[in-house]
Amino acid sequence: MASDKVVETVIVGSYVEMETEGKPKDVKTKLSNFFWHGGSVYDAWFSCASNQVAQVLLTLPYSFSQLGMLSGILFQLFYGLLGSWTAYLISVLYVEYRTRKEREKVDFRNHVIQWFEVLDGLLGKHWRNVGLAFNCTFLLFGSVIQLIACASNIYYINDNLDKRTWTYIFGACCATTVFIPSFHNYRIWSFLGLIMTTYTAWYLTIASLLHGQVEGVKHSGPTKLVLYFTGSTNILYTFGGHAVTVEIMHAMWKPQKFKAIYLLATLYVLTLTLPSASAVYWAFGDMLLNHSNAFALLPRSPFRDMAVILMLIHQFITFGFACTPLYFVWEKAIGMHECKSLCKRAAARLPVVVPIWFLAIIFPFFGPINSAVGSLLVSFTVYIIPAMAHIFTFKSAAARENAVEQPPKYMGRWVGAYTMNVFVVVWVLVVGFGFGGWASVTNFVHQIDTFGLFTKCYQCPPPPLPPTPRLDLNATAPSPVHYHPHP
């Protein structure tokens, strides 16, 4: 039985290798495979690391101003570990589901498995419906946030157009992601995306240190509970980027090797987020409370312009990461998922982009929207639901005994895994969703009251006042006009 289990888990995800095995490969095919078709462990690591930290890199200094330096660092480390654990749970549940289905001779050759299908196969339709609702809503607003970030960033290079107009433009640009078939095809984009975020993070760090502290800088955070929990939920959102874990795993040739990939990606991401957020907060302090985008406070230079351009390209990539699972759901809903024609699938995907475009124009609150999405959606999508799903999937002794993936020994096997899962559920439900939801929604409503919906240019500096006419005291007043009425 044990040997059968090993064999069955090894063949999981080997379809791409099986299909290409024995076929002659010319230079064009080799180049296409090198740039376009990724399914290795390295591809998965690049995808996880690139997708995990995007525009949020620019809002973490804003969170530090709300939390204070010490709390900001501790929350990053804490939620980084918590996110790595729940990403591991998702990978375990995926391998369990796929192995069970392949024992039933189900063929996934032309089908991309998604998180809601894993929940359906393991726990039933009610879990599927809840998982689908949270996952799709989170990815929808995740795409909205990338679009808002594009408009926010480009404004610091070219302010001739307001941010709403830039949102129109980048919405059209991001719509071209409908032509990327699946996560297999993000190989070169993931690699480039990680280089772009690495450059931006170290630019923020070095530029802030060279700039030095502004005159009279204050580091008064935390000052209010609302701001404190708003900042913490933005960090919860930062390390909750594993809503696309199942799709990334499905793109792998050997998905059972995913187990530690997200943890390794998180460790690398921490080398970017901790120095950059700490340095910017050290330099500008409480000024960040009114500037949610770190680019707003750094002086313009060729290095800053390069960072802005690279982040724009990276946000295009991250938009595709967040939107591709939505494309899959929509294709399955209208019966186009197994269509061979790329152009037909691309045309069918376009309606998904329209509501994203519209929501980005309604709520252009770069920074506060991250915290709201983190507390209300990320908390359930990638923390609470995976932990509870793992508990209920393996609640019986038979399920635990026959599990494809046993919990690691250093975690205390099943007792340790259950203890950790209960802690994740309670902590995120109380602190992330409860206090975080109250704080982030309060802050979000405050942004609406201050700037209004459909605001044309969120947090833009006011236009310069026209010069006042100079009053000449020596000028002679014109003589009055005398009116002589007729007698």
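In case you wondered, yes, glycine gets a Cβ from its N, Cα and C as well.
According to TrEMBL, the domain 'Amino acid transporter transmembrane' annotation covers 37-430.
The transmembrane segment feature in TrEMBL is assigned to 73-95 (among others). Same-chain residues lying 6 or more positions outside the transmembrane segment (73-95) and placing a CB less than 8 Å from one of its CB atoms are 9, 12, 48, 60, 67, 113, 115, 118-119, 122, 231-232, 235-236, 238-242, 245-246, 249-250, 255-256, 258-260, 262-263, 266-267, 269-270, 273-274, 277-278, 382-383, 386-387, 389-390, 393, 403-405, 420-421, 424, 427-428.
Residues annotated as transmembrane segment in TrEMBL: 132-154 (among others).
The transmembrane segment annotation in TrEMBL covers 166-184 (among others).
Counting only same-chain residues 6+ beyond the ends of the transmembrane segment (191-214), those with a CB under 8 A from a CB of the stretch are 46, 49-51, 53-54, 57-58, 61, 272-273, 275-276, 279-280, 282-285, 287, 294, 298-299, 301, 303-304, 306-307, 310-311, 313-314, 317-318. Summarising the annotation, TrEMBL assigns transmembrane segment to 191-214 (among others).
The transmembrane segment feature in TrEMBL is assigned to 226-249 (among others). If one looks beyond the transmembrane segment (226-249) by at least 6 residues along the same chain, the residues whose Cβ comes under 8 Å of a Cβ in the stretch are 13, 44, 47-48, 51-53, 56, 59-60, 62-67, 71-72, 75-76, 79-80, 82-83, 86-87, 90-91, 94-95, 112-115, 118, 135, 138-139, 142, 182-183, 255, 258, 262, 266, 269, 273, 289, 321-322, 324-325, 328, 367-368, 370-375, 378-379, 381-383, 428, 431-432, 435-440, 442-443.
Same-chain residues lying 6+ beyond the ends of the transmembrane segment (261-284) with a Cβ under 8 Å from its Cβ atoms: 41, 44-45, 48-49, 52-53, 57, 60-61, 63-65, 69, 72-73, 76-77, 80-81, 83-84, 87-88, 91, 197-198, 200-202, 204-206, 208-209, 211-214, 217, 219, 238-239, 242, 245, 291, 294, 297-298. Here TrEMBL flags 261-284 (among others) as transmembrane segment.
The transmembrane segment annotation in TrEMBL covers 307-330 (among others).
What TrEMBL records for 350-367 (among others) is transmembrane segment.
The feature transmembrane segment is assigned by TrEMBL to 373-394 (among others). Within its own chain, the transmembrane segment (373-394) has Cβ neighbours under 8 Å at 82-83, 86-87, 89-90, 92-93, 96, 119, 122-123, 127, 130-131, 134-135, 137-138, 141-142, 145, 233-238, 240-243, 400, 403, 414, 417-418, 420-422, 424-425, 428-429, 432-433, 436-437, 439-441, counting only residues six or more beyond its boundaries.
Here TrEMBL flags 415-438 (among others) as transmembrane segment.
Highest Cβ contact count with the transmembrane segment (132-154) among the listed stretches 166-184, 307-330, 415-438 falls to 307-330 (criterion: pairs under 8 Å).
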